[in-house]
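Worksheet for the structure shown next.
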Amino acid sequence: MDYLPLFADLKQRPVLIVGGGEVAARKIELLHRAGAQVWVVAQTLSSELEQQYQDGRIHWLAQDFLPEQLDNVFLVIAATNDTVLNAAVFAAADQRCILANVVDDQPLCSFIFPSIVDRSPLVVAISSSGQAPVLARILREKLEALLPTRLSDMAAIAGRWRGRVKQHMASMGERRRFWEHAFSGRFASLISRGQLTEAENELQLSLEGQHRALGEVALVGAGPGDAGLLTLRGLQVMQQADVVLYDHLVSPEVLDLVRRDAERICVGKRAGAHSVTQEATNQLLVTLAQQGKRVVRLKGGDPFIFGRGGEELQVVAQAGIPFQVVPGVTAAAGATAYAGIPLTHRDHAQSVTFITGHCRPDGDDLDWQALARGRQTLAIYMGTVKAAAISQQLIAHGRSSTTPVAVIGRGTRVDQQVLIGTLAQLESLAQQAPTPALLVIGEVVNLHHQIAWFGQQPQTESAISPSVVNLA
């Protein structure tokens, strides 16, 4: 170990910064977060530091550095481009046994700054001892993605409750088990949902031995296919699941991110072949949660856009089961972005309408007259089976048969296919497309030939002649 990792209490302690430029400003911002009393030695200040001085956030000594300025200083940072001055600052500090840091000059440092993940009061510091700072930064970025921002609330509440827990539990082992259960159970779930008062109530119930073995349901949008489009929150919830109920639309790449020990149950439905009824899925969510399990209902795209997520949560709520919702990137947004088709464009479409091709059994009540108007984009989910009827209705209500259309099959995945043609050709294109597929109708489809970026470049056929672009 080249450096001993320490966490220093700088609240109201004097820290000297030699230098008044941008580098100094970055270090000063970190010192402010730690509550330090900052003194700056520099002939001039950057505009940012000048404003901080005017606001009374820093003290300014508008003079050259003198060793006497180190008297009663807790630590010092040299942030100038003058190597001679930096060396003098370090030597003077070292002589006085004051910790010193010369920015970007490790030999002249008695302490160094780590990469930091700040979830105060929880702070994670990462250091490569100055040998590989880029690697330390990459690790910090990974931890930023993995550690929920609400950890700060969790740690703060735990700090407030330490005394009460100690009064109730004399054994250190008993206290450890209490907190292990809290940090991985309902207390943590309530924190993640921002329900801080309820979280503290849960701690009180646990202390009183009234903890209920009640699970919860998390409705999570898995996105359109590319696992990279899964949200950080979605990943975090999936990593905590005891059981995952998923649809056929969820890609294998996303399923691979589920916690390894979690039970996986496919409740997917396909057109004309409903393997699990919706009622059975609803009841399964309730039953599993009542067993005390953390249940993730994983749905392709966004669960509240043609995903029946609202129906499922109504049943969960009626059963008194706690739940949360994690939005996902809906297929219309993800697939069109990967196909180079903007849903709106100032010159072509001032609105976009999302439509489902699966109609309720009591009939189709779509306003075809409104949908056939120009200067708008139609994004149709699950519409391949009814592509012929959709095309006929739009043309019958005034939409030009030469209106550009795209059928995007397996959008955002490595085997994505984009088929381009006209409204009159929609049925034929839909029959060729791999599923799941999204239908896009409108002038914005023409932009695909200019700004498609994912995989191979688009073919150069006319925007209104049939073309197939395999973006694998």
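Cβ atoms here come from the backbone N, Cα and C positions, even for glycine.
Taken from Swiss-Prot as is:
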- 1-203: region 'Precorrin-2 dehydrogenase /sirohydrochlorin ferrochelatase' (REGION)
- Glu22, Val23, Gln43, Thr44: NAD(+) binding site (BINDING)
- Ser128: phosphoserine (MOD_RES)
- 215-472: region 'Uroporphyrinogen-III C-methyltransferase' (REGION)
- Pro224, Gly300, Gly301, Asp302, Ile305, Thr330, Ala331, Met382, Gly411: S-adenosyl-L-methionine binding site (BINDING)
- Asp247: active site, proton acceptor (ACT_SITE)
- Lys269: active site, proton donor (ACT_SITE)
Taking only the recorded positions Ser128, Pro224, Asp247, Ile305, Ala331, which one has a CA atom nearest to the CA atom of Val23 (NAD(+) binding site)?
Ser128
Write out, in the order they occur in the sequence, the residues of the chain not among Pro224, Gly300, Gly301, Asp302, Ile305, Thr330, Ala331, Met382, Gly411 that have a C-beta within 8 Å of the mean position of the C-beta atoms of the recorded S-adenosyl-L-methionine site.
Gly223, Leu249, Phe306, Gly307, Gly328, Val329, Ala332, Ala333, Gly334, Ala335, Tyr381, Leu438
Using all protein chains shown, find which of the recorded positions Glu22, Asp247 scores highest when you count other CB atoms within 10 A of its CB.
Asp247
What does the structure give for the C-alpha distance between Gly411 (S-adenosyl-L-methionine binding site) and the residue listed as 'active site, proton acceptor'? Integer Å is fine.
16
Determine which residues of the same chain, besides Glu22, Val23, Gln43, Thr44, have their CB within 8 A of the center of the CB atoms at the recorded NAD(+) site, and list them by sequence.
Gly19, Gly20, Gly21, Ala24, Ala42, Leu45, Ser46, Leu49, Ala79, Thr80
Distance [Cα-Cα, Å, rounded] between Pro224 (S-adenosyl-L-methionine binding site) and the residue listed as 'phosphoserine':
38
Taking the Cβ of the residue listed as 'active site, proton donor' as the reference point, list residues of the same chain whose Cβ is under 8 angstroms away and which are at least six residues distant in sequence.
Asp247, His248, Ser275, Val276, Gln278
Among Thr44, Ser128, which are recorded positions, the residue with the most C-beta atoms within 10 angstroms of its C-beta:
Ser128
Given the binding-site residues Val23, Ala331, which one has the fewest other C-beta atoms within 10 angstroms of its C-beta?
Val23
I'd like to know the mean pLDDT over the region 'Precorrin-2 dehydrogenase /sirohydrochlorin ferrochelatase' (1-203).
93
Those residues of the chain, 6+ apart, with a Cβ under 8 Å from that of Ile305 (S-adenosyl-L-methionine binding site):
Thr330, Ala332, Phe354, Tyr381
Would you mind ranking the binding-site residues Pro224, Gly301, Gly411 by how many other Cβ atoms sit within 10 Å of each Cβ and giving me the lowest?
Gly411
Candidates Ser128, Gly301, Ala331 (recorded positions) - the one closest to Gln43 (NAD(+) binding site) by CA:
Ser128
How many Å lie between the Cα of Ala331 (S-adenosyl-L-methionine binding site) and the Cα of Ser128 (phosphoserine)?
41
Looking at the recorded positions Glu22, Thr44, Ser128, which has the shortest Cα distance to Gly301 (S-adenosyl-L-methionine binding site)?
Ser128
Quick check for the class: what is the C-alpha distance, in angstrom and rounded, between Glu22 (NAD(+) binding site) and the residue listed as 'phosphoserine'?
24
